[in-house]
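As written in TrEMBL, here are the features:
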REGION    1-145  region 'Disordered'
COMPBIAS  48-57  compositional bias 'Low complexity'
COMPBIAS  59-101  compositional bias 'Basic and acidic residues'
COMPBIAS  119-139  compositional bias 'Low complexity'
TRANSMEM  189-211  transmembrane segment
TRANSMEM  217-235  transmembrane segment
TRANSMEM  247-265  transmembrane segment
TRANSMEM  303-321  transmembrane segment
TRANSMEM  327-349  transmembrane segment
TRANSMEM  361-387  transmembrane segment
TRANSMEM  440-458  transmembrane segment
TRANSMEM  524-545  transmembrane segment
TRANSMEM  551-570  transmembrane segment
TRANSMEM  582-600  transmembrane segment
TRANSMEM  637-657  transmembrane segment
């Protein structure tokens, strides 16, 4: 008869070797990033890309030698009492040996294929066994790391329910059919319409372009957005992210447009400045492509985490405050109404569903645009903004009447001259490369764009990460990350050759659109990109968009920049947002990103200064009067321009502080991407991120651009 004394019980074993099983991903993405939130759960990636969440009834220690992090499972050593396995129902609790203390316990049994499963029936006896063991051992304080079990960050929808993939209607590789894909893809692009069309409506008039020039640039932007999106979903990160004109490139583009050497230009000022922008974008895009395809981006990311990404992206939105409401104030009766409509739709009516769709939340921006444009069109048609003897197209120097001088600004900003814009646009026009002429290359402008391309890459990496939590089986590997950034460089090169005026990058607002529309299918994004290409060939579409008044553009931009700021700050949820360390770093980064550029922008300007640009563009003429004045004019231009850009200051301050101030990995929210060797053995990862047409086989020898 076997002794019942647990101290004299013989050691069980030897055990036969465990059967080989399919490789599992690391226990959780949270484990790989160092997060330890106070939830109990475990995630595993299945072949279909779904993430199953298995509730665990016991707590594990990180130092447990039986915890196999890379295989994503627990190698349990089951103890036996009198030949019976402990942890089963109706078995008396026994004292655990010291070497198995803190193990997986009886709440998690091991199935035949090596996957950990949990049952309710075994949870209570396991808890009783743990309690009995704890009562016989000396009490000790459990550290924070031992209290919790890692869990993949969850998504909380508007109804307050915690979900992972279940809230998505279509995930990354879903192809439900042409009609659903077309419907959801259309609403996806329509909801992000503001990000696609608003930048040309700002920079083209600033370059001295007319309605025809604006229409042509809008058509070019639509074409490039469609082409680059198809390239990115096929050969880039393969995530359902739309490529288009990025707000990150807007501030440096305005700085180049308002350079001192361009202020006195006469004649066709638009084409000359556009060729300068093309040259700067071509060089910076080549730099970004090298940064990605060489693997240097993976090295750079060792210095970057959510505490750096959050203030950097937020500063992009905050930097345009001088353009927002001051421009709306030129026609308050339209601009203020538009902002109120968008707020009302997106917040107060966001939960109202029509045919199962939250129409007001999804289409808040297009609805606000349509209503205010219709009101402005009617007011223009009935003559509200027509003043006798005043010509809106007349030069300011030719205006003699005080009556006209007072009302001309309202006519410029409030009128909807749709007939003129549509009349100047052809029915069919194919945007072609170098349509504005041969690009002009200046090294000082190219260096400014190269620095901005680094910040654009950091912004895109945050979008890759956030979207993968919604639609993919796992976060992208370092190779997928480098591949995506490299392809974005090539896409930006195409934008420079065709002449969109700004660089092409992943639209950060797209992540919010995926969560709202619940559309994560790659096929829907690709179908929508094809529609954009078709629309770009219809010249009247660009002409219609060019007729949107300036005040409506400013109203929509106020909302889009607000979203960009909020999405940037939302990256803090991957770190300890309540940490005093992080609070101080983010606060200093944001404040200095507004204060230091203000010093550069206001330096040398006196009340009697007569600048040749509108007041809302004065922050971008700092190159002519900045405080840095060395004997090298090019160096003065680069430093004064870069240090006047809010996002550059936020990035530099956050990177320096976050990498010099001590902090734990969990506190910092350090990005540690998926192990490439483990990911290669996962069918779901290969299907999510693998290149089509067996192109991936060509890159097997290049580890930093593969899986």
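Note: Cβ is positioned from N, Cα and C throughout, glycine not excepted.
Curation does not apply to TrEMBL; its annotations are automatic.
Counting same-chain residues at least six beyond the ends of the transmembrane segment (327-349), those with a Cβ under 8 angstroms from any Cβ of the stretch are 360-361, 363-365, 367-369, 371-372, 375-376, 379, 409-410, 413-414, 549-552, 554-556, 558-559, 616. Between the transmembrane segment (637-657) and the transmembrane segment (247-265), the number of CB pairs under 8 angstroms, six or more residues apart, is three or more, so the stretches are in contact. A contact between the transmembrane segment (582-600) and the transmembrane segment (303-321) is present, since 3 or more of their C-beta pairs, 6 or more residues apart, lie under 8 Å.
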